[in-house]
Amino acid sequence: MKYLPLFHNLRGSRVLVVGGGEIALRKSRLLADAGALLRVVAPEIEAQLRELVAASGGECLLRGYAEADLDGCGLIIAATDDEALNAHVSADAHRRCVPVNVVDAPALCSVIFPAIVDRSPLIIAVSSGGDAPVLARLIRAKIETWIPSTYGHLAGLAARFRDQVKGLFPDVQQRRGFWEDVFQGPIADRQLAGQGAEAERLLQAKIDGEAMVTTGEVYLVGAGPGDPDLLTFRALRLMQQADVVLYDRLVAPAILELCRRDAERVYVGKRRADHAVPQDQINQQLVDLAKAGKRVVRLKGGDPFIFGRGGEEIEELAAHGIPFQVVPGITAASGCAAYAGIPLTHRDYAQSVRFVTGHLKDGSTDLPWSDLVAPAQTLVFYMGLVGLPIICEQLIKHGRAAETPAALIQQGTTVNQRVFTGTLADLPRLVAEHEVHAPTLVIVGEVVQLREKLAWFEGAQGQI
């Protein structure tokens, strides 16, 4: 081990920073966040650095460095572009046995700064010992995606109850077992879900010896339009801790593969007028699985609250007192339009956008047509393929120009994406001619003409 990792309490301690430029500013921000009192020495000091020092109760010395500047300082930072000066500062600090860091010069350092993941009070440090700082930063970036920001709140919860638990369990092994149970169970789940008051109530009940009810939880997760890279960090984390996954037809196989390997997978997909599993049965499955203590991911394509019937499902959960979380996803309109190079709004073409379902609960296409032909408006139709001839006919009948630019986006955001553009009157012909099938999004509006300039993503199937 080249360096021993330690965490230094700098709160209220004087730290000397030699240098007044951008590098000194970056180091000083980190030190100020840790509560250090800054003493910055340089002939010239950037305005932002001066403001930072003033806000932290430190001092700026507009002159060259002198060894006496080390007096009373518990840490020294040399952050200038003068190698000789940096070496001089390092030698002075070593002679006084004061920890010193020289930026980009590991050989002159007695301490080095790691790459930091801050989930205060939880802190994770990654270091390559100065040999590969870029690699350390890349690893930190990966850890940032694995550890949610709410883990800091979880550590804070433990801190508030630490003394109670220590009094209850004098034995170290007992305390460790208690906290392991807390951090891997429903108490942690409540805190990570942002339900701090409920987490505190459950933890106090556990300390008081009350029996824990083993109700599971349901995570209603939006899987986005198809590209796995469009999943949120939160969605991925919950998918990887679920015991059971109930998934729809529109969830891409590549996304399903990101779920926990040993999770039970249950297909509950639906097509128009062909529901593999009726909605009320899906609702009951969610309730039953949660009551059995399972952590259940209900995985839906796009966003669960935009034509996804997510509201119906969590109404049922709420009626049975089942804990749930909702994780929004990128809806098909946003994702598919972006990957097709079609901005849904544009100052010159559309000041509003309207998301419309292509068929209603009873299977009809009875829509408020007079509202849908307003000028400077983009229309996006979900599930509109079957009713497309009626949609085009009614829009034209109610005043939308037959030559209005329009697009069909099949399997948007995936390698199988196909995009067909034409006019509103052309759409039914394009569907028949190119054998377009679901899932396909329909966009109507002047913004479609921008695709010719803005298209950037080309799926394996090409576009017309």
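One is the number of the first residue shown, and numbering goes on along the chain from there.
Backbone N, Cα and C atoms are what each Cβ position is placed from, and that goes for glycine too.
Record note: Swiss-Prot gives P225, G301, G302, D303, I306, T331, A332, M383 as S-adenosyl-L-methionine-binding, and the candidate from G209, G399, G412 in that site is G412. Listed binding-site residues: P43, P225, G412; maximum Cβ neighbour count within 10 Å falls on P225. Under DSSP, P43 (NAD(+) binding site) is assigned to coil, being neither helix nor strand in the three-state scheme. Mean pLDDT for the region 'Uroporphyrinogen-III C-methyltransferase' (216-464) in this predicted model: 92. Ranking the binding-site residues I23, I306, A332 by C-beta neighbours within 10 Å puts A332 at the top. Of all residue pairs in the S-adenosyl-L-methionine-binding list (P225, G301, G302, D303, I306, T331, A332, M383, G412), the one with the greatest Cα separation is 17 Å apart. The shortest Cα-Cα distance from I306 (S-adenosyl-L-methionine binding site) to any of the recorded positions (E22, E44, D248) is found for D248.
Most Cβ neighbours within 10 Å, among the recorded positions E22, K270: K270 holds that distinction in the structure as shown.
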